[in-house]
Every structure is written in C-alpha cells, then in structure tokens.
Amino acid sequence: MWEREMANKNLQTLRDQLEAQTREIQKLQDEVEQATQRTINKLSISYHEQSTVNSCGATEASTNMPMVGSSNFVPSLHFPSLMLQHFTPEDLKSPASCSSKPQDVLRDSMSNQIRQQNEEDMDKSHSQCRDTQKMSNKSCIFHEHKALQLRQSISELQCKIKDLEKERESMLDMRQQESKSHEEANRQFQVTIQELQIANQLQEEMLKQSHIYTDLLKEMIKNQDRVFQDIQEALGNYEECTGKKEFGERPAMNLHARNLGTLVSKRLQDLASEINLLKTKNHETEGELDFLKKELQNKESLLKNQQERCDALAKEHEQKVSTLTDEASRLQSHAATLQTQMEIIQEQAKGQISNYMAQNTNLETTVSQLQSELRNDKMMYKEKIEDLRGQLVASDVALKQAQNGHVKRSQELVADVQQLKDALMACEELLNLEKEQNKQLREFNNANCLTNENLRRELIERSMEAKHLQSLLSTLKEDGQQQMVSLHEITTKLKFTSTQLDSTTDLLHKTKEELAIKKQSLDNAETNILSLKMSLEEKECVLRDAMDKIKKLRTHAEVRKREAKQLKTELYKLWETQKQTENTKIQLAEKEQMIIAMQGHAENLTLTFREHRQTVESLQNGNSQLLEVLCGKKAEIQAMKTKSETKDTRIQELETLFRNMELEKLSLINASTEKTLEAKELIKERDQLLAELKVTQKDLSSLAEDYKILKRNYENGHGEGDTISVLKMQLKATLAELEQTKTSLRMVESCDGHAIKVAMRMQKKITSKRGQIDELQSRVHLLNERLSAVAKDKLQLKEEKTKLLKEKETEAKEQQNLFGQVVTLTSENNNLKGNIACMESALEKASLQLSESQAMIQHLEQEAMRLRLQHTLDMKELKGPSVDNITTKTQGVHPLLSCPGLANFPLFQTNLRFTPCSTVANNFFMDKPTRDVDQFSEKKPMINDEEQAVHTKACEKKDAQTPRSHISSIVEVTKDTTEMMSRLDSYSREPLTLHTVDLEEKDHSLSLIHPENSFSGTPCYTSSPKKFAKEQNHRVRSPVHSLLTAPYNSSVISSTLESNPLIRDMLKEDLTLDGKPSDPTNVPSLNLQGRLESLQCMAEELQMKNKEMSSIFRKHDKAIIKATKQEEKLKK
C-alpha cells in the first residue's frame, strides 16, 4: 500500500509539472503574439507620427524664428539646424533671406531620407518579428521535448510499479502457500498429540484396574493364609487328639480325629469353592491378559511410529549437521590422509623391523647351510650392489633435478611477483598523475554542473565491472584450484619417488645386511646381530629424514598457497587499477569533448556578437522587446523557482525517506544480528536436544529390552498359569483321594490301628500340598512386584513422552517463529532493494533536472551579460556619431542666428516652445545609427517622470499635503537649467571629440551651480555653439556609466509614481517646459542588474544543492556497501 501511495504521489506531481509546463508554454505563446502585435502597432504609430511631424514642421519653424531672434538666447542644441530647414518662402523674401532653390532641394532630400528610414524600419521590424516567431517555435519544441521526456519517465515508472506489484503478488502467494503448509503440519501434530493422549488415558485406566485386581488378590491371599492357619490348627488339634486317644502321650488327638472328617470336609468344601472362584478369576485374568497383550501391541506400534518420527527428525538434524560438518571433514580429510600415510609408513617400518628380527633367527639357523653358497654368490651380489648404486645415483640426480625445478619455479614466481609489484607501482604513479589531472580538470570545470550524471554512470559501470571482476575472480579461483591439483600431483609424484628411494635403499640395506651376515656367520654370529641393529638404526634415520622432507614439502606447499593468494589479490588490484584508468580516460575524453563544444559555443557567440554589431540600427525595437523578454524571463525564473522549490521539497522528502530507510536498515541489521545470535543459541539448544534425544533413544532401547524381558516373564507367567492348571488337576485328584479317604475312614472306623497310618499319609500329602501352595504364593508375589515395576516404568515413560512432546512443540514453535522471521527479513530486504532502486531512479531524475536547470540558468546569465554589453556598446556608438553630426552642422548656422528680426520675444516663450522643435530636429537630422532617438524622444515624458520621481519623493517627505512646493521645486529646476545654459559662453570654439573615460569619470546628474545668477540682456552668441555641444556631451553620460552608477530603487520610484497621480500629471506638464534629455538606459540596466543578481543567487543555491546531492549519493553508496558486507557476514 505504501509503495502504491508513493507511486500515486509521484504520478500526481509529474502531472502537475506537465500541466504547469503546458500553461507556461501557452503563456509564452500569448506573450510572443502580443509582442508582435505591439511592435506592429508601434511601427504604424511611429510612421504616422513622423508623417504628421513632417507636415507640421514648417509652420512651427515660421512661428519660432522671430521668437528666437527677440530672445537673443539659444535654448536648444538642435534649434539652429531647424532654422535652416523650416524657413518658408515668405520668410525668405526678406532682405536677409536666401533663395528658395536650396530649400526645395533640402526638402526633397529629407523626404527621401525619411522614406528610406521608414522602409528600413519596416524591414527590420519584419526581421525581428520573424526572429521572435523562431524563438517561440524553438521554445515550443523544447517544451514538447520536455513533455515527451516526462511522459517516457511516467511510462517507465508505471512499468516499474507493475513489476513491483507482480513481485509483491508472487511473494504473497509464496507466503500463503507456506502458511498453508505450516497449518497442515500443525494439524498433523495436533492429531498425533490427541492420539497419544487417548492412548495414555487408556493405559491409566488399565493400570487402575490392575491395581484393583492386585488389591483383591491380596485380600484373597490373606483369606487363604487364615484358612491354612485354621487347617494347621485343626490338624494340630487333630494330632493332639489322635495322639491322646491312640497314644498315652497325646490324648487330645482323638477328639480331633473324631471331628477330623467334618473339619476336613468343611475345609475341602471351602477349598472347592475357593478353587471355583479361582477358576473364574483365572478366566477373567486370562481375558484381561489378552486385552493387555493387544494394548501392548498397539502401544508397541505407537512407540514404533514415534521412534520412526524421532528417527526421521534425528536424520533431518543429522543431515543438517552433516552438511555443516562435511566442509570441516573435507578440510580434516587432507590432514587425516597425511596422518594415515605417516601411520602406514610407521607400520611398514615396524613390519620391516619384525621381519628383520625374524630373519635374524632364521639366519642363525641357516648360517651353516649358506657357508658353501657364499663363495658362489659373492660375485652376483657385487654386481647387484653396483647396479643398485647406479640406481641410487640416478634417483639422487632425479631428486636434485626436481628440487632445482622447484627452486626455479619459486624464483620465477618471486620474479613475477616483483614484476607485478613494479607494474603496480607504475600504475599507482600513473593513477596519481591522472588524479592530479582530474583535480585540475575538476577545478577548471566546476561551472559545468554535470558531474552528478557522470558519477552515476561511473557507479553503474563500476557495478558492472565489479560483476565482471567477480566472474574473473571465480575463473582465477578455478585456476588456483587447478594449480593446487597440479601441486598435489607433484607432491604425490615426489612421495612416490621417495617411496621408490626407500625401497631401493631398503634393497641395498638388505643386500648389505645379507653380505654382512654371511661374512659374520663365517666369523661370529654376534657380529650379525650388531650389523642388523646398525641397519635398523640407519633405517630409522632414513625414515626420520623422509618425514622431515615431507614436513618441509608441506610447509613449502603452504607458502606457495599463500603466495598464490597474494598473487590473486594483487591481480584483483591490478584489474581495479586498470579499470579506474579506463574510467579516467573516458572521463578525460568526455571532458575534452565538452571543451571542444564550449569552444564551438564561444565561436558561435563571437559570430553572434559580430552579427549584433552589424544590427545596431535595430536597437529601438530591441529595447522594447528586451523589456518584454525580461518580463517573460522573470515569469520563467519565478516558475523555475517554484519548480526548484517543489523539487527541493521533493528532495527533502526523499532525504527524510532515505534517512528513515537507513534507520530501518540499521534496525533490521541489528535485529538480524540478534536473530543470528538467537539462531546460534537455538542451534546449541538443538545440539543439546539431539544429545538428549540420543540419551532418550538409549533409554528407550533399554526400556525396549526391559519390555522384552517383561514379555518373557509374562510368557513364563503364562507357563506358571499352566502349572496352576496342573495344580488344579492335582487338587481335583486330592479331592477324589479325600473322598476315598472319607469312605475309607468310614469303613475303617472300627479298626483304630489303621487310623494312625492313614493320618500319617494325610499329613504327608498336606505337607506336599503346602509346599506347592508356598511356591504359588512366591510366584504371585514376584508377578505383583513385576507389575508394580512395569507400572512405574510406564509412568516414567509417560512423563518422558509429555516432556518430549512439549519440547517438540516448543521446537516447532521456535522453528515457525524463525521461519516467519526469515520470511519477514527476506521481504524487508526485497522491499529495501526496491525502495533503494526507486530512490536511485528518483535521485537520478532530480540530478538530471538540476543539471538542466543549471544549464538554463547559465544560458540565461550568458544572454543577460551579452545583452548588457551589447546595450552599453550600442549606446556608445549611438551617442558618438550623433554629437559629431550635430557639431558639424551647427557651424554653418551661426550667421543666420544674428538676424535683427529675431529679437522681440521673451525667454519664457522659448522655453515653452522648445520640445516640439527639438523633436523635429531629431527627426530631420537623425542619421542611420541614431534612429533610436525617436523612441527615446517619444518616451521622454515617461523617462522624465521616472527621473523626477526621486525629487518628488524628497519633496513629499517634506510636505506631502502641499503640491505647490513641488511645483516651485520644478520651476527652480528649470531656472537652474537656464542658468547653466547661460554659462556656456566660457567654453572655447574648438571641435568636440567624445571620450567615454571622461563620461564615466563624471556624475550622471550635474549639480545645479550658481542659482543666484540672473538673466543678462547680452547676446547669446558671443561664443560658438560647439561649446554648448561640449557641455551637453559632458552632461550626457555613457550607458556603461549608467549601468554601473544606476540607482537600485527603481521599484520605489515606480511605486511612488503609481501612488501619486497628481504628481505624475504635474511632472508631465512641467517636463514639457524642461528640455533636459534623460538617460534611457536606467530602466533596462536596473532590470538586468536585478535579473543578474537573482540568477547568481539561483546558481549559488543550485551549486549548494548539487554538493548536498553528491554527499547524499556518497552516503547512500556507503550505506549500500555496509549493507552488502553485513549480508555477506550473515550468509557466512
């Protein structure tokens, strides 16, 4: 559910972004259309205004000429040139006028110039419209490309969501199946437990019945004892009576003998009744015994089933333990094989020693027989000795060669290791150099902001390379195993050669010993024994040497194994370094491509700069379009800010989620460690339970043996039942005999002599019967004791069964808990992996969007700087040639200004009529590079409003309720300007050259000096008008200076003007009186400065965000590495 909610939120955010982008595109299209309409309207309006100005210029010139003559003062820079161009034919008929032909020529030339200018303006406006349409089309294509990218990302997210849902459904199905299997197993366990409980209840009932029967039997035994005591007493009395009657010594026996028949008959009747009762009881006991046999068989079957289940569980545990111990056994098998080989060698040596001892005994017996054969065999043995010595030499040479080969191989391996180390050092040096180069390149390319994407790509490539390295490691491991196998084969070969050497040495020693024995047999038998002892000691030394050699070979093999492991690690490091170098080379190539692209971009910028130099004439419309574009860009920047804020919030949410996931990961890791510890404890408990199960199995086996013994005893008891039946038959026979005795007694009452004999016979029979009864009682006691022991054993078995069942239940519960925990851990791991993948994809998208925004911001900054520089340069070029033209044209106008008919009008009228004349002069004497002055002259009231707003604000602070003070301040300003113009006489008549340094050094607004000076009646043309132009040029500042020294409170000025409409109207009325030209570059320069500052702030914020994102990526990678390491540890 959480994943679905996250996916839905992501889709909603993406939809909102798409809708916002579509709205922005629509706004841009509307703005472009409005801009085109405005430019067309402005061009049409400017064309109509120029036509009206051309028509009205002549009349205004005719009215203005006498005013200028009477005032004896030049209020404007362009007025002398107007006087040349706007004289009518009536004015020229005067004595001081000139001919009309040059005036017509001038009019035709000016009309042609105006038409050409209008046509050029129309062409440039059309080209600008086309450029704006191209820009709008490019922006539409760009936004459509973004929309396609977002749609693709949405489709990818939907596919990922579907895959995650499928995986989740599969996991749910697996969990349901596992829960069903667990439920079935629990049901089976419960059924078995119920069956065992029912069997236990039946056994308890049977035990209770057996106890009742034993009590009854005890009571019957007591009654029988009493009866026997009565019989004994009766018989004693009878003997006494008979003794008394028949013999003088015992007179009481006769009385007893008289009552003997009745007593015996009574006792016999009692015995018969008791026998009948015993028969019935025996039948009952036989039925009970059959029932008990059946129950015992059922219990045996249940016990067998339980034992089989226990065996199955034990086998499963043993299989698990065997899987765990197989690895240890594999490792121990090698040592065991070596130990067995050593033991075999020792046994062989012992056998050889025993053989040698036996041979000594045989040799002592065969010395006499071999004396004659020694002489013939000496030569044969010498030849054999020489052959064996040659074989020994050859074997020694082979051993030396093998040792030399091993030494050479070890040296070669050492040389390879040194070469690899040298290569590693070289690679490390190269890596250090490349790292330094990378650092330089990173320091040089900090402004690119595309390192996040490269880092992510490098991470993906490194993961792929890590997989490739793992495969290479597996191959290297296989190669190492093959090398180990080859080393093992070499060791086996060495062992085989060592065995061969031992055999050859044994043969040599045998031959030597035989020769020594035969020589010593000729001399003495004792010397043979000493030689044999020496030979045995030598063999033991050889065996010790062989053992030492084997140990050395083992140590050498272990050293080789360690060296092989070190070589593997060093090869792995080499692979890593090679791949790092490859990655760095790829990065360098990419950065070189970026540098080439930047160079191409710089060349394109230079070309565009040249084109913009060529298109300086289209700056009038360009300024208006710049303002509109800046407004649009402001809107775009605000939209980008909103997007960046939304992205920041999203990034913060992702960071919080990532932190929460890391905390959950840590908690899960801690839980998993605790669970591993619990699992280890459970394994220990399982081992203990296995030991206890083994003990219980032993107990069960002992109990089974006891049960077999009891069974045998029961069978013996059944045999005793047969004996009881035999005794019953004997009792019947005795009863018959008693009846016979009764009849005989009745027959022999008359004769007393036979009575004594009969009594003696009866006593003997009774004593024999008593012995049989005692035996039966002892057997019954034994049976009772065995039954009690069996009952105790059954109780113990029941208790042990209950304990085992409880332990099984606890184990089953613990296993279920462990299984559930394992399932939860796996599911959580899968969820974490999926969340990590989602986070990585989201972070990648965020980084891509950040990089795009940074690229856009850089592009906007470059455009803003370019426009600012173009604006400053264009304004410099505009103002330089315009002033030069004006100064050159004013030199030929000076004689006309001394006309006597032009000295009758006051100064106030000249100030009132100054602005239209200046506009006409601007229209007539505007060269091609100076066409922007039209728009500035048209927009002069607005600009003057903005400039005068500062003064009005100061006045409003002083007295907000009195607009008259404001009017007086404006009048004072106009007076100050007139006084400043009157002070232009002090300048020289030298020609003017425009210096931008001079313009930048001085302030933009001239201080109004000497306000106390009054107007003089002297003529105003005592000095040349060039000085007036020079003063004017000193007063007008360059656009660079205006950009650098522009006030920052444009918003305050505009707010004051909008809040006070009265002040704005008065400023418009008063600015018609003031002929001071304003600087048109303040507004766009302020906008450009604000835009640049906002863009710089945005760039700094985005750089900080990039750094944070990079740190987050690094933390994320470290957390992933830690999680993988912990998972590997848990798996181990």
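Glycine is treated like the rest: Cβ placed from N, Cα and C.
Curation does not apply to TrEMBL; its annotations are automatic.
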(request) Examine the ranges 147-181, 952-986, 987-1021 and name the one recorded by TrEMBL as coiled coil. (result) 147-181
(request) Could you tell me which of the ranges 889-916, 1085-1112 is annotated in TrEMBL as coiled coil? (result) 1085-1112
(request) Kindly point out the range from 4-38, 599-633 that TrEMBL annotates with coiled coil. (result) 4-38
(request) Grab the pLDDT values for the coiled coil (147-181) and give me their mean, rounded. (result) 80
